[in-house]
Amino acid sequence: MSLSPLNYADWEIAQAAEKHMKTVYDLGKDLGLDHKEIFPYGHYMGKVDYKSVLSRLEQSSDGKYIDVTAITPTPLGEGKSTTTIGLVQGLAKRGKRSSAAIRQPSGGPTMGVKGSAAGGGLSQCIPLTQYSLGFTGDINAVMNAHNLSMVALTSRMQHERNYSDEKLYALSNMKRLDIDPTNIPMGWVMDFCCQSLRNIIIGIDGVSGKSDGYMMRSHFDIAVSSEVMAILAIAKDLKDFRQRISKIIVAYDKQGKAITTADLEVDGAMTAWMVEAINPNLIQSIEGQPIFVHAGPFANIAIGQSSVIADRLGLKLSEYHVTESGFGVDIGYEKFWNLKCHYSGLTPDAAVIVTTVRALKSHGGAPIPIPGRPLPKEYTEENVGYVEVGSANLIHHINTVKKSGVPPVVCINAFTTDTPSEIAKIRQLCELVGARVAVSKHWEYGGDGALELADAVIDACNEEKNFLPLYDWSLPLKERIEKIAFEVYGAEGVEFSEEAIYKLNKLQADNNSSDLGVCMVKTHLSLSDDPKQKGVPDHWKLHVRDIMFFGGAGFVVPIAGSITLMPGTGSNPSFRRIDVDTDTGKVKGIF
């Protein structure tokens with residue numbers, strides 16, 4: 001690779017690398033896939049027939065399983081996807097057959113401030129444009145499946161308003177569901193960040209006209225927070241997916257009984273939208289390593305994991321399979337540990353905690369970096385004091401990973417502005433708490449820059465481990481929420497709103513709660529529920545304002561703080577810098 005990320009943008013590096021891509025069939029052959037197990041999407045992307053592969057390799061042993069997580073990030077992100085790809089490249093340089101699993105990027109962040117989550121520099125996945133803009137259509141399928149349930153609901157409400165019970169039955173053998181228009185937890189979804197759609201009124205002419213819908217309050221969430229996406233991430237196979245889809249609660253009737261997609265007779269059609277999407281996607285790093293891309297839930301407002309199916313494939317096909325959890329240990333790794341591994345039955349061999357000097361300085365008192373603006377001078381000048389104070393956040397996360405019984409490996413994702421003294425301080429503090437540390441320069445040098453990290457991960461995978469969940473699922477839901485708050489976030493207490501307590505008690509009484517997971521919704525920018533609180537906040541309480549219930553996924557979803565399921569678009573979004581070269585048809589400006 002001749003282009004240096006010091007001199008060229010990510011999209012320029014990607015376009016240069018794409019001239020030498022392996023075809024998806026050659027990529028699959030290197031991975032051990034049969035020709036017929038790949039469904040091509042063009043020459044360089046494809047889907048993998050997971051059912052055929054897992055059946056063929058049923059008796060094969062699994063490879064080593066590594067999760068990549070991070071400290072509490074800045075709004076800029078600390079390079080987890082870049083590190084995931086760089087680690088796979090480094091492992092390949094060490095002669096290990098390796099693969100990665102990452103999430104499909106959402107159009108919201110891609111067109112917003114965070115970018116496409118394709119990695120960066122010399123550790124990114126290609127083809128970049130296709131990966132970043134729609135890919136193989138999985139998120140579109142999720143949107144269609146989800147929104148179809150809302151079409152079924154709103155049209156049913158209109159017909160029940162317009163017709164008597166006898167007429168409903170005569171027209172289509174339809175029984176009245178008696179839907180309560182004030183108790184509809186589900187909304188619509190789209191794959192962009194749009195604060196104007198958080199609260200809307202639909203069916204405005206439905207009051208006076210019988211054919212214009214049903215007038216009521218509604219809302220949009222971002223598509224990756226959809227329960228359909230959550231089910232895609234945790235389903236073992238299509239049968240499991242189909243069963244879960246039928247249990248999604250769309251609304252409640254006027255007696256408070258749940259109305260599901262099965263009640264609306266839309267669950268089969270929703271599944272039909274997803275029959276291709278359930279097969280994981282396969283692309284490559286710029287050095288030719290296989291990258292599975294499947295599912296795309298955020299970690300702050302959803303489960304934050306790539307799919308169980310993709311990980312099962314990677315473990316059967318690779319000696320080392322690296323998966324990624326969204327945001328920090330408190331958000332993404334906690335859900336990997338206590339939800340994804342519970343559903344999959346898989347246990348990790350190591351956890352990589354990505355940190356940067358930049359993030360440690362932000363936790364140590366430096367001004368918070370703002371996307372789209374120049375970094376304050378505190379981030380480009382040496383300041384070991386900021387690094388040392390901010391390392392409390394890193395150490396907190398190291399100790400959390402240790403509670404899971406998995407050996408942590410701290411990856412210092414090196415920036416060109418880091419100084420030897422700052423790096424030495426991080427290494428010293430990590431070694432004092434018994435964590436392996438590796439400095440990695442994969443962004444600048446690709447796999448060659450990740451050899452120290454690869455060696456540390458190989459070493460950690462050979463260490464004895466005793467993987468244990470944080471809590472017993474037989475505990476009451478409230479106690480499990482409190483345990484996450486105390487043990488993972490460091491809260492002194494949990495305050496539940498009256499509405500949250502009411503919903504928790506009802507869920508506890510109406511369901512076998514030992515079958516339900518706890519999927520927290522909380523800001524990713526702090527250990528607390530206040531994004532302004534950096535480092536390791538003390539003397540604080542977690543504020544649970546509401547509870548959602550994902551009946552199909554089997555999640556109780558506590559919502560803490562002021563976070564919303566529909567992010568907004570800021571004042572300097574990246575779409576302002578994305579364009580097309582009309583002579584070549586190439587997209588430029590994606591990062």
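Yeah, the Cβs are placed from backbone N, Cα and C, and that goes for glycine too.
As written in Swiss-Prot, here are the features:
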BINDING   Thr74, Pro75, Leu76, Gly77, Glu78, Gly79, Lys80, Ser81  ATP binding site
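Shown here: features listed in Swiss-Prot, placed on the structure.
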residue: Thr74; record: ATP binding site; CB count, 10 Å: 23
residue: Pro75; record: ATP binding site; CB count, 10 Å: 16
residue: Leu76; record: ATP binding site; CB count, 10 Å: 19
residue: Gly77; record: ATP binding site; CB count, 10 Å: 22
residue: Glu78; record: ATP binding site; CB count, 10 Å: 23
residue: Gly79; record: ATP binding site; CB count, 10 Å: 29
residue: Lys80; record: ATP binding site; CB count, 10 Å: 26
residue: Ser81; record: ATP binding site; CB count, 10 Å: 26
